[in-house]
Amino acid sequence: MARGGSRRRNTSVISTQKIEPSNESTKAPEGPQKRKPKTEIPNSNGNGVIKKEIKKRKLDNELDESQEHLAQLITDFNLSVNELFQLKEYKTIAYWNPDDFSRASSTSQVPEIFDLFSKEPEYQISWGADSNEQDLSNIPLRLQKKIINEREQKLLEKFPFKEKVLKRSRDLEIELLQNIRQSKKTLEKSHIKPSPPVKPSKTSKGNQKIIKKKQVVKQEEEEAQENHQNEEYESDMDEGTHYKLKAVKYSIPPPIVTHPSHIPSWVPDPNHTESSFNSKDSEIIDYHPDAIQFVSNSKTTYTTPNIQAKIQNFLASYKSAIIDETSSGDFNNTLEEYEKIMTQQEQFIKKLYEKTSIEKRLELNGEKIERRKTVLPHSSNTKQAVDPFRSHGAIIPKTQGVTIHSTHHDYFLSHGMAFSRLHQQMRRQHQLRTKKITQMIEQHFKKKKGEKERLAKEKEQNLKRISKMAVQAVKKRWIQASKVYRFLQLQKEEELKKIKGREHLSQMLEHSTQLLEAQFNKSSRDISEVDTENENETDDHLSSSSDEDSGSPQNARDDSNVNMDENDMQLTVEELRAKYADIDQSIEPSSKTISSDSSNHESDSDDEDIDANKGLVALYGNNAVSVEPVSSLAATEYTDEQKTLIEKFSKEDEGISSESVSDDSLNDSSSSESDDDSEVDESNHKQVDSTKPTGLAALLGNGPTEDEEDSNDDVSADSDGNVSDDENMSTTDEEDEPKTPKSSEDPKMDEKENESDVLEEEVNGSKVRDVPLPPLLRGTLRPYQKQGLNWLASLYNNGTNGILADEMGLGKTIQTISLLAYLAAEHHIWGPHLIVVPTSVMLNWEMEFKKFAPGFKVLTYYGSPQQRAQKRKGWNKPNAFHVCITSYQLVVHDHQSFKRRRWRYMILDEAHNIKNFRSARWRALLNFNTENRLLLTGTPLQNNLMELWSLLYFLMPSSKVNQAMPDGFANLEDFQTWFGRPVDKILEKTSNGTSSDVIDENDKTTQRMDEETRNTVSRLHQVLRPYLLRRLKKDVEKQMPGKYEHIIYCRLSKRQRYLYDDFMSRAQTKETLASGNFLSIINCLMQLRKVCNHPDLFEVRPIVTSLAMPRCVANSFASTDSVVRKYLNDDSFKGQVSLKALNLDITSLDQLNYFTSQTTSKLKSSSELDKQADKLNELISASEYDQPNLDNFLEYYKFIKSNEQVGIRDNLKHASYLNSLRCDRIPLLGESVIKFLQTATQPRQPFTDAYNDIILSIPKRVEKMDDVIEKYSVLTPSVVTLDLKDQLIPLSTQRTIMNEVANKNIDNPFHKSQVKLSIAFPDKSLLQFDCGKLQKLATLLQDLTANGHRALIFTQMTKVLDILEQFLNIHGYRYMRLDGATKIEDRQLLTEKFNRDSKIPVFILSTRSGGLGINLTGADTVIFYDSDWNPAMDKQCQDRCHRIGQSRDVHIYRFVSEYTIESNILRKANQKRQLDNVVIQEGEFTTDYFGKFSVKDLVNDAEVADIPDKPLEPAYGNVENVLAQAEDEDDRVAANAAMKEVAIDDEDFDEESKAATNTATPSQTPGPDTAGSGIVDSTVKINNKTDSLEDVDYEDGVSHVDEYMLRFIANGYYWD
């Protein structure tokens, strides 16, 4: 008890920071002086020690008062935390010792659990406002230490006294702990004399236990209170001023209730049935305890002598026996009983000692005492035989404990039994030894018998083992030699392959040069034909006859050409160059017919020409012999046999090429249907098909010749004029070009053609003939569009396919329609033509045809399968239609029907969508039966050069030798090696890394290249120039306004920065970015882009509501309040007391007139009545008959008269009172005043309008205060109660209001305010201020609209459009919206309305909303709220505004959030945009390159620096699907609806080819030749096992054995 009390006493000291111990002492009568409380903690040794401690503390203390106070607060805080931990951990502080968990104490070790508890933020002292704001748990340890050190430095700079204060607080804590320990020692040493025990009053035996327990509890409470008061406080008594004060005594009244019987309402329970409860327990004890007296003096503070004496008496007289509590009940032992029990236990322990130690009959077995057992030794382990006849050898059982007295007979029997056991044991041992010896002898002789056989067998096994090891070593050596040989062979083949590739590239460049030279020569030849027309006519007849005569020699020359081509295949590149070095000189002009009798020199020259043509065709024909005959230069016209032979070989070629490129999945058409179609095709094209040589044969030899019916079109067919302006492609104009005579039956047409042939112009670096504008075309063409028509016409005349890659908005559609009109008007080729377009622009193409070329029969192929089948009926008939327009999806779905139809021109719009050459759809379109192909695209490159290769191969595959396409386009690996990898290096070298806000598109990237890089780009331009036409708006339309792009960097708002950093600091985000999973990374990047666009896309602002509690706090006092109100509202006394008689009811006087009351007051006569009453009083007072004598009649009569006088006096007094009461009545207000007020308030007269305007009704007042309520009702309470109205409004009033509301008589005027205060929606202005981009957009739109500009706002996310709508509505801008949900028929109406109405300043659109032909030239500003993943989509959006018809400069603003993922994406996109200038722009082409991004480049965050720099490589074609999966569910649905049209178009091209496609149709998949593919396969196999190729001998040097093995393998004698 003393220990617990001491600890509780210490607790009270620590928990109260400042002690005020002397308040109660002022109440004691002994101490009249008041003690002033002080904050010092005293020592119990006296005031002298206290002074020394204070002086010592003042000397050691160098801190000022505030710092000293701060140290004291830190000490108290640490001890309070210690105390709180004790309470939370142990639920009590009764046994708490502050020294246990103190950090200042050197003797105690702080437990880990307390260390964790004290590190919680609420239990730590913060020196700065921002010292603990940031959570460092997710930061690496190195950064944590750095941040902590920085904080410490800042705190030391801010609080230089921090270390001193902390040290002082530790010293104070140590001093306090020392004082506590000293106080404990003092209490242990103190001795208090016990006082005599207090006799309790008479109690029953049954109540004795209860009273004792109550006394113990009371003593504990008194002791706790005493210890609390006797705490060692530092004395506040100064001997100099309080020397007369010796001691202070005061008493505390005892508790009133010490027994249940002391409670007034307590009654014993009559149903109590316990045995321990008897009748005496119900006896009420009259107990009067003494008051507790406290004594305080200078030496001892707060002592209670009487309680201390009781405690000492109790401890001295307390005895308790040591008994088993489980088997005994609750004993209340007296001293006699205690002594008796102790004596019994002592005797019992003595007996146990005798039995266990002396007699040794008992033993302690664990916790039990048991009888000791007799132990016999185990004789089974006896090793030596014992002599049974010796007494000392006998085994006698040994017993522990008391010796057992056995007889001789007992010993004899035990000895015999022991001897018998020994005998049996010896016998068993002898038998075992005999068996062991026998087995050893047996094994010895067996081993001796088979020793020779065993040795021979072991020798044979050793030989086999050695042989096997030798064989394995030799085999391993041969395997290594085979691997080395294959490796060496692969190296040689790779070197040869590289050499052949370089030679092939040179040949391609020569072919392009020759092709352009031939086109130029042909143009010059056409000019010379105008001057020599009459001569050509005669020459035509001569040449025709000569050709007929020389038919056989021509065939012979063809055969010789085949043989010479076979010889050319055996020659090297240098030999071929030497052989065909004079190819240009061999082409000499000749206007005369060459007969079979010509000179040898001329025939040799002709042979060289034929060989040159043949060699080049073979050179670019995949080493295949061309079966197309090439006419000699001397022949001006083919003979009939030659035409028949050329037509036959041409058909065979077409069949072979279609078979080589066909797909297994596309060969399920019926034979009968194909036959019918072929017959119809032949009938359709009998009059329009021409058998003309194409490719180099057409350029270097004669121009294409038509049939007799189409001979008048020969002049226009010869209109090819592609002449290169490169320095390396110089031409010789002085040379005489060969003339190409032609036969024509219509001289008028020839004259017309000759007039048009004179005009020529330069297009794409080549001179092409200016063709006449077709009369079928309605409208006028711009100059550059007319040039495009000339270029397209030259492609057709030369039999070459091409790509029209003009920038979006330059009119590729009208140029295509002009080409078809030109073919119909000039060449009488009406079709049929197939135009494949995206689904979204099918209607646009049909409208363009009806607008510009209504003479064509256009079949728009769409609808359900039944509708499409109906449209196919009869379409094989001649002139059923001229042009068929369909979509990619339908043309692939019905590819069988389209394959059976023969098409003159197949035109693919938006051809960049067929960039995936591995898909089955690409191969299906490749196998269509078409004579010419034209691709239309605004972006020939989107991602890489391989897509450009895919388009070029689609135009003219390598299997079609009659096409002039080089074989290099069929070899993907070589093309990628030549151009793909160098261009990637160009990007790295030429990226200037500038961060300018304005991008200059006129900057020539090649100016910053070195010579080698410039040559590579020049070669690429040289190869592509004959087949691709690319014009930009800024080049062809000089009067077109400029385009300027600005980068606007937007700072993140506070909320955006918090969400962005919070997402980046998550451990899950770091793991996802480091994992490399493309889908997960894209999901993370999409979330970051949402934060940058608007934080509501990432996390919506919450709607704040109050916590509704069913009851308020005052509800618990409702019952008490109702009782009090009931008594206060009790009106029962009003019936017993008349307030009116007492003149207290002042309200009843309101009807009295004031003037009447004045008149009535004059009637007051109470003074007269009072005089009479006074006289009667005198008479009555003189009377002496208070108690008359009844025997005396006279006295009794006088007494009666006296009583009558008293009655009269009382009546007079009462009359005087009533007179005064009634005459003194004066009204509070008066009747006149009340009537006047009633008159003023009663609506007796109608109110005026002015009065109604001034005095507002409640509804009008609510309406007027609507703005005030809207602005200032913003504070939503945290908690509300539902029953508060019941506490404030009476039930009767509530019922009345409810009835009125039900009858619709009244409305709630506070409804809006209640709603505003109960639920708080986010303010609409936060939509702008939560986002940095919207803040910039608000400023930008304000400036744009003020200057009369109109803007297009593009975004990728559909939800951003919703946010922009809210933003524009808030600012009051008129706008229009276009997304994927807009119908096709409404799209054109919206665009026309926007272009027409200049009052609409803003048009918001989705970048993927479809409608590639949308014209929005009414706007001159484009704002990209967020950039698309693919820059090509953004470029198309720019072209919707910056196109033909725009009259103002176009400014493009791109919003980028700085220091985020968007800035990193923009930096990488600008890097890749340099390819736009390198490959296409400067080579008159273009590209939008979306290179490979790595996670490290995109994130660029210091916290995620451990992310590997690995590029993101998703599955080919699945990027859109991955991006769609990264969207939210709602946003995904909206985006799918918005991009529905684009999805329909894209799904035609995004399908990946299956793995079996390459193996099933090897000829259809472009790639290297057979040998090359074998090399690649073997290379892969070797590379997979390169690590296993570890031969030390081979690395040291090849020995003679290794050389022999390699030669042996090279000769083909080794097989694996």
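From the backbone N, Cα and C atoms, a Cβ is placed for every residue, glycine too.
Over in Swiss-Prot, the protein carries these features:
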type: BINDING; residues: ASP806, GLU807, MET808, GLY809, LEU810, GLY811, LYS812, THR813; note: ATP binding site
type: COMPBIAS; residues: 200-209; note: compositional bias 'Low complexity'
type: DOMAIN; residues: 1333-1486; note: domain 'Helicase C-terminal'
type: REGION; residues: 1-53; note: region 'Disordered'
type: REGION; residues: 185-238; note: region 'Disordered'
type: REGION; residues: 521-565; note: region 'Disordered'
type: REGION; residues: 583-614; note: region 'Disordered'
type: REGION; residues: 645-774; note: region 'Disordered'
type: REGION; residues: 992-1013; note: region 'Disordered'
type: REGION; residues: 1545-1576; note: region 'Disordered'
type: MOTIF; residues: 909-912; note: motif 'DEAH box'
Quiz item: What three-state class does DSSP give LEU810 (ATP binding site)?
Solution: coil
Quiz prompt | Extra residues within 8 Å (Cβ to Cβ centroid of ASP806, GLU807, MET808, GLY809, LEU810, GLY811, LYS812, THR813), ATP | solution = GLY938, ARG1443
Quiz prompt | Composition by DSSP (helix, strand, coil) of residues within the motif 'DEAH box' (909-912) | solution = 2 helix, 0 strand, 2 coil
Quiz item: Which Cβ among the binding-site residues (MET808, LEU810) has the fewest C-beta neighbours inside 10 Å?
Solution: MET808
Practice problem: Rank the binding-site residues GLY809, GLY811 by the number of other Cβ atoms within 10 Å of each Cβ and report the first-ranked residue. | Solution: GLY809
Practice problem: Average the per-residue pLDDT over the domain 'Helicase C-terminal' (1333-1486) and send me the rounded value. | Solution: 81
Quiz item: Under a criterion of Cβ-Cβ distance under 8 Å and sequence separation of at least 6, what residues of the same chain contact ASP806 (ATP binding site)?
Solution: GLY788, LYS812, GLN815, GLY938, LEU1029, ARG1030, ARG1031
Practice problem: Count the Cβ atoms, other than its own, that fall within 10 Å of the Cβ of LYS812 (ATP binding site), considering every protein chain shown. | Solution: 22
Practice problem: Quick one: give me the count of other CB atoms within 10 A of the CB of THR813 (ATP binding site). | Solution: 20
